[in-house]
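Student: Structure provided below as structure tokens; questions to follow.
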Amino acid sequence: MSEQEAQAPGGRGLPPDMLAEQVELWWSQQPRRSALCFVVAVGLVAGCGAGGVALLSTTSSRSGEWRLATGTVLCLLALLVLVKQLMSSAVQDMNCIRQAHHVALLRSGGGADALVVLLSGLVLLVTGLTLAGLAAAPAPARPLAAMLSVGIALAALGSLLLLGLLLYQVGVSGHCPSICMATPSTHSGHGGHGSIFSISGQLSAGRRHETTSSIASLI
């Protein structure tokens, strides 16, 4: 019995292949959250890229400075979001990360996405407020209509991103306790099954011993 008890903990460990498969499954946890963050990233890339190209293509001598600066900022912001998505996909395909907190940071819906959305919201908000302030500063009675409208739109978009990120973080923090509470119950369930199996094994061994002794006495 002592040898069986010594071999039991070793048998409970997972083989390396199963551990590798489990690491790959870490990237696909919480699919709804991942899909939401992916949609937001695609919207940022498409919106900022299209807006930046539109401003750069309509640059003229009269309004060249602010259109050139704003279009460049929007294009760089779209490039930043795109690079983050490509980097996460490349790291996932290469399977070069074996730590859970690194996967949770880089996967879709993780900490890196929240940081990118925060940076994008701040950049859009600051750019929009700057454009609106510059449009109203020279002549408050007749501000530049295009500059003011672009500034208000960018400020509103940045505010929506920051508000959405705040609500997202509140929702994530609200779901964390329930997940943490569900994990110990799962482990306790597995422990209960293990105890049932061990008890049944001991009972079957005892019955075999009694059967053997009775046969020996009859002989």
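Yeah, the Cβs are placed from backbone N, Cα and C, and that goes for glycine too.
Summarising the annotation, Swiss-Prot assigns transmembrane segment to 36-56, 68-88, 114-134, 147-167 and lists sequence analysis as the type of evidence.
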Student: What stretch of 36-56, 68-88, 114-134 shows the most Cβ pairs under 8 Å to the transmembrane segment (147-167)?
Tutor: 114-134
Student: Which residues of the same chain, at least 6 past either end of the transmembrane segment (36-56), have a Cβ under 8 Å from a Cβ in it?
Tutor: 67-68, 70-75, 77-78, 81-82, 84-85, 108-109, 113, 116-117, 120, 150, 157, 164, 168
